[in-house]
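What TrEMBL says about this one:
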type     : residues  : note
DOMAIN   : B:15-197  : domain 'ABC transmembrane type-1'
TRANSMEM : B:20-38   : transmembrane segment
TRANSMEM : B:50-74   : transmembrane segment
TRANSMEM : B:80-100  : transmembrane segment
TRANSMEM : B:130-159 : transmembrane segment
TRANSMEM : B:179-204 : transmembrane segment
Amino acid sequence: MNGVISWITASEHWTGEDGVPNRLLEHLQYSFTAVVIAALIGIPLGLYIGHTGRGRFVVVNLVGAIRAIPSLGLLFVSVLLLGPRLDGDAAFLVPSEIVLVVLAVPPILAGAYAGVEEVDPAARDAAKGMGMRGTEVLTKVELPCALPLIFSGLRSGTLQVVATATIAATAGMGGLGRFLIDGLAVRDYTQMAAGAVLVAALALIVDLVFALVQRYVVSPGLTGRVGRASRPRNRRAGAAAAALQPAP
Amino acid sequence: MTWFLDHYSDVLSLAGKHILLAGLPLVLGLVIAIPLGWLAKRYRFLHAPLIMGTGLLYTIPSLALFILMPLVIGTRILDPLNVIVAMTIYTVALLVRTVADGLSAVPDSVNQAATAMGFKRVRRLFMVELPLATPVIAAGLRVAAVSNVSIVSVAAIIGVPQLGSLFTEGFRLNYTDPIVVGIIACVLLALLFDLAIIGATRLITPWQRVRRA
């Protein structure tokens with residue numbers, strides 16, 4: 001453990017391409033890109049499915065099915081099949097990013113869907129009774145009410161991406177995973193463990209940031225912070241929400 | 001396909017190891033999660049720390065947790081025990097919340113009736129509360145089973161043999177056949193675990209079938 005601490009605090013590990021700041025930045029870039037693309041696909045689709053009720057069956061099964069597919073295998077197949085068609089760094093980057101997006105879409109989609117599905121029917125009826133049209137109901141009532149679950153979906157998707165981006169170092173990507181994989185290659189356990197500590201810390205910080213952002217963005221009326229009885233949950237949407245846990 | 005026919009005995013032996021590495025933590029995790037879930041349900045002040053603490057463990061990426069295990073339990077890096085303990089941690093992390101939710105969903109009237117019939121706390125837990133919470137716990141166990149099968153394959157990176165070894169081997173040889181066989185085998189194994197849990201749940205909750213019929 002002392003070796004790990006001195007590895008992390010050693011100044012030579014904090015400069016250059018192979019330094020902690022650069023690897024962290026790479027890791028954040030890969031993850032951010034994948035989550036943004038996945039959110040652009042998953043959130044509108046989830047809102048649409050939740051609002052119209054069409055394709056509900058697809059969401060519930062898609063989330064379960066993707067969970068069963070091992071990310072390492074998917075990553076390698078993607079790099080082996082797409083890599084030869086691309087040049088330079090893109091040969092590793094593009095296939096890995098595609099896998100990161102593929103893994104992040106289902107939890108984000110399920111979060112958005114479950115969020116809308118779980119909106120209190122009374123609130124929806126009241127909105128309609130007040131004369132709101134379909135899109136108004138969606139943007140003014142369903143979306144704000146769905147925010148907590150949209151955030152859980154985004155959080156799950158992001159943690160999944162951060163974890164898989166670590167593994168992607170085996171397929172030639174940069175990021176904090178490099179310390180784990182390069183350490184393994186030269187049997188330097190200290191470096192591997194130091195990398196693992198950094199990866200774990202990154203995941204915990206990301207989780208914390210999501211919790212904080214959620215606190216400020218979600219209406220206090222929904223989080224129970226203004227003190228109100230919890231409402232009964234829609235059972236089917238509850239099941240979809242339970243499936244939101246990321247695979248580490 | 002021909003690759004699989006030439007190597008099916010290797011694949012089967014890897015699948016056997018995979019079943020052990022993913023299945024044993026499922027059993028251990030359930031055994032640990034039941035008392036923890038009960039504590040979280042029984043004592044309000046323990047609820048938040050238990051649920052949040054185990055939730056935080058679940059956010060640690062698998063490769064990092066596998067590599068950190070030797071520091072925590074003093075094993076060697078290649079020891080399969082690292083994978084078993086890490087997977088048990090993930091299983092507990094998922095199940096504590098499920099067990100607490102399942103136990104909380106048992107109607108108060110049932111608990112009061114059991115107490116009135118002379119059931120003491122422990123006997124009531126095992127004879128009344130846990131059986132009634134079984135469908136909820138089983139749903140959580142299914143999620144844990146499917147993700148365990150998928151996560152275990154990551155351990156191939158640190159050299160612990162199981163179906164994931166087909167991925168690293170295929171990637172090293174620049175050959176997709178073993179990888180595709182490995183993915184299919186993992187998905188089938190996840191399905192097998194899922195069906196086994198569904199079957200076991202049906203067996204131990206016969207009243208559910210009666211209610212449905």
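Keep in mind that glycine also has a Cβ here, set from the backbone N, Cα and C atoms.
Bear in mind that TrEMBL entries carry predicted annotations, made automatically and left uncurated.
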So what's near the transmembrane segment (B:179-204) in sequence-distant terms, Cβ-Cβ under 8 Å and 6+ beyond its ends?
3-4, 7, 11, 14-15, 18-19, 22-23, 26, 131, 134-135, 138, 141-142, 145-146, 148-150, 153, 163-167, 170-171
Most Cβ pairs under 8 Å with the transmembrane segment (B:80-100), selected from B:20-38, B:50-74, B:130-159:
B:20-38
Go through the chain and flag residues at least 6 beyond the ends of the transmembrane segment (B:20-38) whose CB is under 8 A from any CB in it; none is fine as an answer.
50, 54, 80, 83-85, 87-92, 94-100, 102-103, 125, 130, 137, 141, 144-145, 148-149, 152, 155, 160, 162, 189, 193
Residue list, the transmembrane segment (B:50-74) vs rest of chain: Cβ under 8 Å, 6 or more residues beyond ends.
36, 39-40, 81-83, 85-86, 89-90, 92-94, 96-97, 100, 151, 154-155, 157-158, 160
